[in-house]
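Presented below is the structure to which this report refers.
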Amino acid sequence: MLLVMDVGNTNIVLGLYEGDQLAHSWRIASRIERTGDEYGILLANLLQLKQVDAHGINGVILASVVPPIGSALVRAVRRYLGLETLVVGASMKYGLPLSEESPSGVGADRLVNAVAVFDKVAHAAIVVDFGTATTFDLIGEQGIYLGGAIAPGLNSSLDALFEKTAKLPRIELFHPERVIGKTTEEAMRSGLYWGYVGLVDGIIERMRVESGFANIHVTATGGLAKLIARDSRCIDDVDDMLTLTGLRLLYQRNR
C-alpha cells in the first residue's frame with residue numbers, strides 16, 4: 001500500500017492507495033506545534049480505526065507547503081512505520097515540462113495538481129485549488145506547466161473582514177439565497193460569496209484569453225470547491241482527490 005500526504009496551511013489530507021485505488025482518506029487539522037511523535041500516534045490511530053495493518057504500507061510520499069509539519073511527518077513515518085518518505089521537490093520527475101525558471105519557485109501542491117489534471121484530460125487545463133490561498137494553474141496542450149495566479153482564500157478573506165473591522169460580526173459561510181442582503185450578516189455573506197464567484201470566473205476567463213488555447217478544461221479541488229462550483233460559469237468539474245491522485249502518480253514515476 002502507498003500512503004500519500006498533502007500538507008496545507010489549514011489541513012493535512014492523507015490517502016491510502018491499494019494499487020491505483022484510493023482505499024481510505026482522512027483530513028486532519030494542520031498544527032505546527034505537533035511533534036513527530038504526536039503525528040506518529042495520530043497516524044497509527046487513524047490506521048487502526050480502519051483496521052489497516054501498518055506493515056502493509058511499503059511506500060510514502062509527501063507534499064508540504066508548511067516545512068515544519070512536513071519535517072515532523074517525515075520523522076513520524078521513519079519512527080512508526082520504519083519507512084523513508086519521498087518528499088515532493090525540484091529534483092523529481094514530474095512528467096511535465098516546466099516553463100518557469102525553476103520548479104523550486106512553484107508550490108509542491110500546485111505541481112502535484114498539474115500532474116494529476118493532465119493525466120486526467122490530456123490537453124490544456126486549469127486547476128483551481130481552494131485552500132487558505134486559492135491557486136490557479138495553467139497546463140498547456142502538450143502538458144507544459146505554464147504558471148498561474150494566487151489569490152486570498154475565501155475563508156482567509158472572511159477572517160480578514162472580521163478582524164480588520166470594528167463592528168462586522170464573524171459569520172458562517174454558506175450559499176446565500178439572494179444577492180441583496182437584508183441584514184448585515186446576509187450582506188457580508190452575499191458580498192463574499194458572489195464576489196468570490198466573480199473573482200474565480202474572472203481569472204479563469206482572463207487566463208483562457210491570455211493563453212490562446214481554444215479548449216481548456218477547468219477542474220476545481222479543495223475544501224470550498226463544491227460551494228463555488230455550483231454558481232461558476234467556468235468550472236467544468238470538481239475533483240476532491242485531485243492532489244492525492246497526483247501524489248500517487250508522482251510516486252509511481254519516481255520510485
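Each Cβ is built from the backbone N, Cα and C atoms, and glycine gets one as well.
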Given Swiss-Prot lists D6, V7, G8, N9, T10, N11, I12, V13 for ATP, the same-site residue among T35, T85, T132: T132
Rounded Cα-Cα span from I12 (ATP binding site) to T184 (substrate binding site), Å: 33
Rounded to the nearest Å - Cα separation of G8 (ATP binding site) and D109 (active site, proton acceptor): 8
Spatially closest candidate among A108, R110, D129, the listed binding-site residues, to T10 (ATP binding site) (Cα to Cα): D129
Within 10 angstroms of R110 (substrate binding site), Cα basis - binding-site residues out of D6, D129, T132: D129
Cα proximity to I12 (ATP binding site), best match among recorded positions G107, D109, D129: D109
